[in-house]
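Features as listed in TrEMBL:
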type: REGION; residues: 1-48; note: region 'Disordered'
type: COMPBIAS; residues: 23-32; note: compositional bias 'Basic and acidic residues'
type: REGION; residues: 206-237; note: region 'Disordered'
type: REPEAT; residues: 286-320; note: repeat 'WD'
type: REPEAT; residues: 330-371; note: repeat 'WD'
type: REPEAT; residues: 416-448; note: repeat 'WD'
type: REPEAT; residues: 516-547; note: repeat 'WD'
type: REPEAT; residues: 548-581; note: repeat 'WD'
Amino acid sequence: MSAAKASLVSYGSDSDSENESESNPRAEKVDSVDPEATSHLKPLQSGHTMSLAVLNSAPEVAVKEAVETGTHLDPSLKEVTYNPTYDTMFAPEFGPMNPFKTQQMAAPRNMLSGYAEPAHVNDFMFEQQRRTFSTYGYALDPSIDTHQVFSNSYIGAVDEAEKNKGLTVFESGHKKSEKRKKVKGGDAKDIDNFLGPWARYIDEKDVAKPSEEEQKELDEITAKRQKKGRNEEDAPAEEKTILHVKDMYDYQGRSYLHVPQDVGVNLRSAEVPDKCYLPKKQIHVWSGHTKGVSAIRLFPGSGHLLLSCSMDCKIKLWEVYGERRCIRTFIGHSKAVRDICFNNSGTQFLSAAYDRYLKLWDSETGQCISRFTNRKVPYCVKFNPDEDKQNLFVAGMSDKKIVQWDIRTGEVVQEYDRHLGAVNTITFVDENRRFVSTSDDKSLRVWEWDIPVDFKYIAEPSMHSMPAVTLSPNGKWLACQSMDNQILIFGAQNRFRLNKKKVFKGHMVAGYACQVDFSPDMSYVVSGDADGKLNIWDWKTTKLYHRIKAHDKVCISALWHPHETSKVITCGWDGQIKLWD
């Protein structure tokens, strides 16, 4: 503490210290301090080499005289002893020039690398000399007047410039020596009547317009082509029917559509058999089709009649009970028939064929009631199963659309256009309020009736195309024949989830739309395959129980009779329809 006080005394002159001692009695106490404590200050007191400013720790003070010379105020100052002007206080710390710039950066520049002086050389002249220098190694010296060109006017390879006489790249140099091999037998120009490679032929005409005779011939050919195309596309095949039984009506005036009551089974009841059994043997063959059978459908409700369509362009109606005769043949398509569908009562049915026509037939009389087409091939057709919508049907077309027609007007009333491939199947679910469609785009879509936007879209990378779909008798499941040789089961209520526990395998079906079916009591699942075999699986365990060699070619469809315990009907591409029991 005493040393600090002693150092304070050392600031200022001797007279100041004397004044302080007179005015302040404490100064006397400072004088009486031990001399050793102030020994380090002796050089200062004696006025030797070190100055007071070296040990002065007080803040620097701006003096007015020092600052008046310029407007710069050092920002490190702690105290200002005068009133600086506004310009002095708000002047920039450094500047207005940047003091940190190098001399090169501070110099005037008009390009990144420095300052380019203006030269009287136009762009073409500059580019000419630059290219000449890069090609020949010399260029005109820009510092010399270019109008007076001498040998010392060039820079770079001067010898080369003298040799080339100062030619630039844009001026023609020495002509190359023409060493062309002459054509054997003389030059091509010497050939008689040769006018060059692009000369016209002797008989060539300038005008491409045909003469009157040629125009007539062209018109005839065009008319024939149009007429031929119209005959193929527009004209539907003539419809006719053949009745194969002697009497169409019995003694009571009932037609063959009447459900028989003397067959040992109550076909009119809605009850299903309590227990179903595996079919073991073939009990009948319906033969009459000359080509492969495409699809078979049982008469709705009773199942006492069987409708079949074939690649021989014909549709046939067969008896299932009694003599099992062919009752009627429907002829009216010019190409193979792809699909058929009864209405609810069975009095009418629809047929879809590759001739691009859908036709509505009367089951009893064989008359073709109406025809429908939209110039595309129909792949599947279905009546709306609701009783109040029996005038409406939907068809899956080759142009990716599902088209809805009204029978009464014959017009398209709705189009469902969301699939990315040809539509293969249409199946009604959920009390006919919705329907499920599958397509070549490997997806499954669920639609609300009459709403052309699918509300459910099911497509997985692992999924394959499913060209055959069947609804289970209890309406809870959809059996889908997948092209990876397995039958997949989807829930038909609410979420349409894939049931991963129910997968039926063991048959070869890839490439064929083999129809699947259930036994009436939901015990078994049946399907044909590409080898002509009838495969029967257990529903609960998904085990393959039975396999029968049913057809020589593809077994395309298998139907379990809804009122029989063990009767299964199969059809194949060998043209035969078989009954198994």
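Backbone N, Cα and C define each Cβ position, glycine as well.
Between the repeat 'WD' (548-581) and the stretches 286-320, 330-371, 416-448, Cβ pairs under 8 Å are most numerous for 286-320. Sequence-remote contacts of a segment are chain residues at least 6 beyond its ends whose Cβ falls under 8 Å from one of its Cβ atoms, and for the repeat 'WD' (286-320) they are 237, 256-257, 259-260, 263, 267-268, 326-331, 333-346, 349, 351, 353, 361, 363, 515, 553-554, 556-557, 559, 561-563, 569, 571-579.
Here the repeat 'WD' (516-547) is broken down by DSSP into helix, strand and coil counts: 0 helix, 18 strand, 14 coil.
Residue counts for the repeat 'WD' (330-371) under DSSP (helix as H, G, I; strand as E, B; rest coil) come to 0 helix, 23 strand, 19 coil.
As a whole-number mean, the pLDDT of the repeat 'WD' (286-320) in this prediction is 95.
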